[in-house]
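Colleague: One structure, as structure tokens, below. Some questions next.
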Amino acid sequence: MASLFSSRLSSHSLSLLINIFFIFLIYLHFASQNPSPSGSIQTLNSLAGGDSDSCSGGLASLDDHRSKCSYIRSQSKCGPQGYIDYLKIFFCIFGESPVLGHLVLSVWLFVLFYLLGDTAASYFCPSLDSLSKVLKLSPTMAGVTLLSLGNGAPDLFSSVVSFTRSNNGDFGLNSILGGAFFVSSFVVGTICVLIGSRDVSIDRNSFIRDVVFLLVALCCLGLIIFIGKVTIWVALCYLSIYLLYVGFLSVSHFFDRKKRMSEQILRSREDLAEMGVPLLGDITEEKLVLPEKTAQEFKIVFEDPPKRHRSCFSVLVSIIGLPLYLPRRLTIPVVREEKWSKPCAVVSTAIAPVLLTELYCSHYSGSKRNLILYIVSGSIGLILGILAYLTTEKSHPPKKFSLVWLLGGFTMSVTWTYMIAQELVSLLISLGNIFGISPSVLGLTVLAWGNSLGDLIANVTVAFHGGNDGAQIALSGCYAGPLFNTVIGLGVPLVISSLAEYPGVYIIPSDSSLLETLGFLMVGLLWALVIMPKKKMRLDKLVGGGLLAIYLCFLSLRLARVFGVLDIDR
């Protein structure tokens, strides 16, 4: 009980600090909108190199924080990619104490990663789970479609934002490839090293299938990057790789299931014949009946815990947590039994169209058109809110039109995930301008590590405690996840970007390090593909050590080049 109380206390304390910091950052955002300091903007432009295409180049040529503050106020290229102007906050408010500015932006980076993961876990994934049940998808199809989409949502939307919103396609490419490299090399290597002494093996066919499909996808992506441009048809063909993977997996699962059922029926008939039981017909299905004691234990485990009186501290945390919780709760319809609230459902259906309009208008200018759109969306929201109030009950979620409600929750969770990913990309680009580091490097490291941290913890835990089955699930996730992110996470932005240029072609951002990342990533996959079968599919320490060495070697070379320790002509 003491440990449970302490864990709840620490969770509440963390939530309290995060929400207080959120309120503080909003204050800083509005405080940074003061008029720019007096000074000659033309002089600043000439000193900073007004013809420079990058904001970081102009900032690097200025010395004091006041001139940098005036410069970013006068240059549109230094404008925010999201909703908060981080450069103004850093140079205009924390200019005299940059260490404090670094601390504030670092904490906010953690908060954005938390919000991105919490939105996916609390809203996005439950919507996908309910949709899979309503659509009656098989476990295999749900796993490779909706589950993969839920797990890869942060990477997917960060990539879409980098291509479409911030015009930093190399940032999206590096973040996706960095995440795939981290998971397929570092996470797999860690798993192999930790359980290498347990003689754990995995299925050969599944491993080879996933790795080969990932290698094929990377080869196609490398060809696109090498050519440097892509048409809508090439982007669609690249996107279809995952459809082929889903189809191949479904066919394999169908035949494997049919084979297992035949063997099971044959064994059942033989067992009954040995017992002298007359066979009246074929056994077509099995039903699992739990013993009474086991059923009672399951009932105790999965029943809702008894309600307890909330302490004053938890009430205070809930109140302060409203800035982070309430906007999502009042715009995302939640139709699960345990979290159903009719007032929240009515309000969410009324406000959701306005939020969608805000997201659309943030990409365009023109106050007149925006005003008209807000009026139309507000009217639609009012009608939907009235309909929701008349057709729902307080006691339970709606039984009729459940698919419509689920699609609405899915759409709004996607909207929030996209908005948070947009703010995360904006912050990383601003940090790149502050430190003078290429945003693509931050995408390859910080964004990739942040989005893949959940994979590291979950897959290592499952493999370490789950035996052979746990290792199989973990390794499948370590390759199927990067395959989804590489094909869908990059295919969707490529389709959107090339469609915007149709009938022309979309030019891939020039970044010579992309092919280097691809090369190291494929070397790690080939290492596992060659060594694992020789070790009879055992998760050997040799496999893990090699994968960790490949990843750390790549990371050391890349960081040494960034910080000027190593200078290699490319």
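Just so you know, glycine gets a Cβ as well, placed from its N, Cα and C.
Grabbed the feature section from TrEMBL, which reads as follows:
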- 12-30: transmembrane segment (TRANSMEM)
- 106-249: domain 'Sodium/calcium exchanger membrane region' (DOMAIN)
- 173-195: transmembrane segment (TRANSMEM)
- 207-227: transmembrane segment (TRANSMEM)
- 233-255: transmembrane segment (TRANSMEM)
- 371-390: transmembrane segment (TRANSMEM)
- 402-421: transmembrane segment (TRANSMEM)
- 406-558: domain 'Sodium/calcium exchanger membrane region' (DOMAIN)
- 428-449: transmembrane segment (TRANSMEM)
- 513-530: transmembrane segment (TRANSMEM)
- 542-560: transmembrane segment (TRANSMEM)
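In terms of burial and nearby residues, how do these features look in this structure?
Modeller: Away from its own ends, the transmembrane segment (207-227) comes close to residues 173, 180, 184, 234, 238, 241-242, 244-245, 248-249, 252, 475-476, 479-480, 482-483, 486-487, 490, 494, 508, 514-515, 518, 521-522, 525-526, 528-529, 532-533, 537 of its chain (Cβ-Cβ under 8 Å, at least six residues beyond either end).
Residues 138, 140-141, 144-145, 205, 209, 213, 216-217, 220-221, 224, 483-484, 487-488, 490-492, 494-495, 497-499, 506 of the same chain lie 6 or more positions beyond the ends of the transmembrane segment (233-255) yet place their CB under 8 Å from a CB of it.
Within its own chain, the transmembrane segment (371-390) has Cβ neighbours under 8 Å at 342, 345-347, 349-354, 356-357, 360-361, counting only residues six or more beyond its boundaries.
Beyond the transmembrane segment (428-449), the same-chain residues lying 6 or more positions past its ends with a Cβ under 8 Å from any Cβ of the stretch are 54-56, 59-60, 78, 80-81, 86-87, 90, 105, 109, 158, 162, 166, 168, 170-179, 181-182, 511, 513, 517, 555, 558-559, 562.
Residues 170, 173-174, 177-178, 180-181, 184-185, 188, 208, 211-212, 214-215, 218-219, 221-222, 225-226, 440, 444, 543, 546-547, 550-551, 553-554, 558, 570 of the same chain, all 6+ positions outside the transmembrane segment (513-530), place their C-beta atoms under 8 angstroms from a C-beta of that stretch.
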Colleague: What are the DSSP helix, strand and coil residue counts for the domain 'Sodium/calcium exchanger membrane region' (106-249)?
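Modeller: Result for the domain 'Sodium/calcium exchanger membrane region' (106-249), in helix, strand, coil order: 125 helix, 3 strand, 16 coil.
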